[in-house]
Amino acid sequence: MSQLPTTTIIGLEVHVQLKTATKLFCGCSTKFGSPPNTQVCPVCLGLPGALPVINEHAIELAIRAGLAINCDIPPLTKWDRKQYFYPDLPKGYQISQFDLPICADGCLEIVDPADADATRRIGITRAHLEEDAGKSMHDEAAGRADSRIDLNRCGTPLLEIVSEPDLRTAEEALAYLTKLKEIMTHLGVSDCEMQEGSLRVDANVNLHIDKHGQRIATPIVEVKNMNSFRNVVAALHFEVDRQYAEWEETGHTIETHGKRTFGWDDVKGVTYPQREKEESADYRYFPCPDLLPIRIPSERVEEIRGSLGETPEETRERLQSQYGIKAYDADVIVSQGRAMVEYFDAVAMASGEGKRASSWIQQDVMRTLKEQGGDIESFGVTAEQLAQLLSKVSSGELTNDRARDVFKHLSENGGDVDQAIKALGIEAVDDSEMETLVKELLTANPKVVDDVKNGNQKAVGSLIGQARGKNPNANPQKVREIALRLIEQA
Amino acid sequence: MLDSALEVLRLQAAGEASAVEIAERALDAIEASQSTHNAYTHVDRESAVAAAKSVDAKRAAGQPLGALAGVPIAVKDVLCTSDMPTTCSSEMLRGFRPPYDATVVGKLRAADAVIVGKTNMDEFAMGASTETSAFGITKNPWDTSRTPGGSSGGAAAAVAAGTVPLSLGTDTGGSIRQPAAFCGVTGLKPTYGRVSRYGLVAFASSLDQIGPMAWSADECALLMNVIAGFEPRDSTSLDQAVPDFTLATESNDLRGVRIGVLRESAQAEGIDESIRNAVKHAIGVFAELGAEIVDVDLPHREYWVPTYYVIAPSEASSNLSRYDGAHYGHRAGAEAKDLVSMYCRSRAEGFGAEVKRRIMIGTYALSEGYADEYYNKALKVRRLIRGDYDAAFSQVDLMLGPVTPTPAFPLGDKIDDPIQMYLCDLFTVGANLAGVPAISLPGGFDPSGLPIGIQLQAPTLEESRLLFAASAFQSATDYHTQRPNQ
């Protein structure tokens, strides 16, 4: 039986954790991975009598994000309470935004996955701020059926970005998410670390089936708990097939069955129903009486707009043309966020070595950051130092290997480049000293001399290793030059 | 001595009594009155004496002392105290010790006041008689067969019974002014936002306000000086300069002051003759002091109570969601088999009937399909009510009227009739809905000797004007100097 023509309708709700040092309504740290319940206070625990106070930085980041996805920033926004009972929601309500979100009516253009020359415009309904809930951990103490609650995450600021149901394929959804993540990272709005939950995706999906000119809509399914883009794609593919099969079998439509909530089982690769939404939850939204509405003057919006700078695309193009690096390399650097781009710019500019800067950053800097677990803003080797180091390499003052030693020393111990060179005992070897060394080597290696005389200049290579064995500061280039000159003169 | 903070300060300054002696006297008075009046939910002799000792030590060492040094004070049990339980007179919070002090409590400590204990109240401040407390009813010191009013009944009775010169109450719909009227003391509800709500366990956040209770306006001013002021931890706190409120009580000259009288309110049905007479009498006193008496009208006054009884329960239903047995407070025992039954049982067991009633009203008023009909409509009416106040205060400096329809009613009289109980707020809720300050002051006695309160209301931030007029009234009358026979 052949399948009827079908259109997939997908809308995404993306929760992005804003990169603030402290929570949305109190001064507790938002650091990830601390021992349970160590980053809490009466406010984020919702203790009787405690009151929320807005974190201005979260407002600024939300506006940055909203402007980057082409949203309007209304002059007035307010806070609402969304009521439901859950053990990891200590107040019994979540402070969120209901009818006056901070960002409205935006859009994102993506490259059409089906046609690289075409673009698709995906509408963004709104983006609103809200506080995160805590985390329930079930049965974690071995063999005991108990539940524990970690409230460290309570009150962490989230921006929920809601798209229009404009996406038509899992691939489009992937392109949208990838672009959204790139923008948020680039602007420093969020880390977008899915493993740490700082980017979470819910997908609303259903099918419009064309049966002899009549359009039939299947029930909408909201798929929750997807913790990677790969899972989003897999879940959407699965859901498309499942919904068609279900419709063939049961004839259920949106009119008869409305909306349901499903989860995604990563191991089995299936979606599964979580709870029926026949009676939709009544969140009893109402304005939060503890917080005043926020007025955002248009001057402030324009000020933030002016500080947004270039888009990731513009940056990628500029890095390629300005420094002559490859598209792939530009992409890696840009994907690390704006701070990394600034670091690269500084190194490349000061050293005049764009390509070398690109490869050092992708290899040495990023690897060291991963090992040390920090970010580029607080990295031990400043852009000026790395630039200085690369200049020394290009002038032949340091070999690549010795420069790596210096880099390692700087990243571990701090200090400046000259101090590091001194500490490592790296000294420039003067020419006469070098000549003496090469002469000794030539005397000890008559075969090399013969080979070179017979036209095999590469034979000199074996001397370089020996030279560096005797003096680690010997410059390979110099050794080669001197050896060839001496053999010729002999 | 225990009826005046100023006298307590004078005695210490003159070396006639130490802070410890004064604290001991207050604690003894509480002990003597507790079985009769039950004004307290918790009394902490040890920490009170320790606080008094440190005041004496500071004085002996010549160190600077706070404005309330050595003054015993009682605090309504809805305010968080790190060294005493904070129960809101509910089973739900029996034994709950917050890890922090409410801002006002911190300010009292900084002013070297001696906090002797926590006062009884209607459960979660819901009620007008202090009969919904899980810690037993409080009795009116003027007549122990009658209620002290509510919800700050304990705070009013603590002063009226002569156990402390000052207490702190909270007022959401009249909960300072009505018990002040019933107990013959003076109680001030400040402008919304004048006193930080941080650490005040929320009932209806947009209406709640903390305020002083004492025998006289002068003493209320003393306490206002300590508790008022902007605080960044409360976003609704007003960033406004705080005047010296005690200066407001230094003059008795009311010439040029225009006092509006809600004449029809004093004539409304169901109002006790004695109340009517007291208001009429007060008008005469103010006129004699030089005030100009003007008729005013608040056209939407008939909607005050219905608007209040939609907004307050709606906010309460949300604010009280946190009492679910999961994190602190009362939790149902082993019979709760799953999460939902644990929630249901914990709340069923922890909350009393009035609290449950209001949670149900609020939940209904906020629910989908009904919010427009109730909650959202109430918000619109609230704006009209504020408009009435603005219009009235463009003509007059103060408004005068009754506090309550009747003097203190007998215990048990209204507890089974919520509508009758809600009508106790008839004259007081307007100030909460509009956010303006209002004061209740002793204005006479009914034929059986029960005190009667009269109410003054002022524009936003004009507490000084209220205290000035109230103090002038008290210089011309002696109702605030009368004491119950004990």
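Including glycine, each Cβ sits where the backbone N, Cα and C put it.
For B:21-467, the entry in TrEMBL reads domain 'Amidase'. Mean pLDDT of the predicted structure over the domain 'Amidase' (B:21-467): 96.
Among the features that TrEMBL reports, active site, charge relay system is placed at B:Lys76 (among others). Sequence-distant neighbours of B:Lys76 (active site, charge relay system) (same chain, 6+ residues apart, CB-CB distance under 8 A): B:Lys118, B:Thr119, B:Met121, B:Ser152, B:Gly154, B:Ala155, B:Ser167, B:Leu168, B:Gly169, B:Thr170.
Listed in sequence order, B:Met121, B:Asp122, B:Ala125, B:Met126, B:Gly127, B:Ala128, B:Thr130, B:Thr170, B:Thr172, B:Ser175, B:Pro179 are the same-chain residues six or more apart from B:Ser151 (active site, charge relay system) with CB atoms under 8 A from its CB. According to TrEMBL, the feature active site, charge relay system maps to B:Ser151 (among others).
B:Ser175 (active site, acyl-ester intermediate): 38 other CB atoms within 10 A of its CB, across all protein chains. Marked as active site, acyl-ester intermediate by TrEMBL: B:Ser175.
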